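Student: Below: one structure in structure tokens.
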Amino acid sequence: MPRATREESNHKRHRSHRSRSPRREDDSHRHKRRSRSPAKPVELPYNAKPLSRRQYDEYRPMFQSYLDIQKQIQLDDLDEREAKGRWKSFVSRWNHGELARSWYDPSMLKSAQETVQSYRRESPSYAPRDGDESEEEFGPAPPNLARHSGHGPTIPKLDDLAYRNELQEEDRARGQSDYMDGLRYSRKVDRKVQNERLEELVPRADPGSRERQLEKKRETTSTLQSFRDAKESGDVDVPESDLMGDDGIDNYKKKKREQERQKNEREIRREEIARAREAERHERLAERREKESKTMEFLKQIAKERFG
């Protein structure tokens, strides 16, 4: 290859390398950014407008209905942090058009607001006040009426049974303590009376005297001799009170009856607890059915307003 041709090609390569300046690269990037078109806004059904997180109070009734129908969640049961998180997700899905078409209907928000107002008026705690009357004239609020008020006895709940059992245990412990105190006192009085009678029958020597010491020695020798004789003969006459207790067979029968009574009480308690649990299960089931019924009525009302 001729020398002139090589120099010419090197000169062209050098010029092309110099032409790539940072200024031109910035211009090319700037041109690319300008060429990108802005994101096209999402067209929401019913020409609905995008929501903002600050519209929580306005759209709270519909948001509450959305959680109840779509998620089976009660908004009042959520804490503030979880409620804000779910509201943020709801706003995002709304603005992206990801919700069902019926939620964008303007009548949906109006129906939800009217439904919430009607529930507040029907609740027992709702009581309109006159502006002219003073709050001091009102007494304490009356207790809320039971949802299913009826006549006749009701099945006690587990809390009622636990409270009843605590009272019974306290009464039983108090009665047992009084019984033991009375028994100790009666035994003490009985021993005192017996000692007085023995002293009347066989006068004892003065305490601490030599005659009294000899009496104690004779009593000890007599007791040891009786045990020695019984051991040599092969049988020992043991009183029935030592075998069966202080009161013998009567005390054994009494303890047996007490065990049977406690066994019956345990069985009765188990039956009461089972009935209480069953009643609570039926109550939860009734509340769930009532909630589903209200949801269906709400949906029917929306469908009636929309389709006639």
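Backbone N, Cα and C define each Cβ position, glycine as well.
The following feature annotations were taken from TrEMBL:
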COMPBIAS  1-10  compositional bias 'Basic and acidic residues'
REGION    1-56  region 'Disordered'
COMPBIAS  11-21  compositional bias 'Basic residues'
REGION    113-295  region 'Disordered'
COMPBIAS  157-175  compositional bias 'Basic and acidic residues'
COMPBIAS  187-220  compositional bias 'Basic and acidic residues'
COMPBIAS  235-249  compositional bias 'Acidic residues'
COMPBIAS  257-295  compositional bias 'Basic and acidic residues'
Student: Give the residue counts of the compositional bias 'Basic and acidic residues' (157-175) per reduced DSSP state, in the order helix, strand, coil.
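Tutor: Per-class counts: 18 helix, 0 strand, 1 coil.
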Student: Residue counts in helix (H, G, I), strand (E, B) and coil for the compositional bias 'Basic and acidic residues' (187-220), per DSSP?
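Tutor: Secondary-structure breakdown of the compositional bias 'Basic and acidic residues' (187-220): 26 helix, 0 strand, 8 coil.
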Student: For the compositional bias 'Basic and acidic residues' (257-295), what are the DSSP-based totals of helix, strand and coil residues?
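Tutor: With helix first, then strand, then coil, the compositional bias 'Basic and acidic residues' (257-295) has 39 helix, 0 strand, 0 coil.
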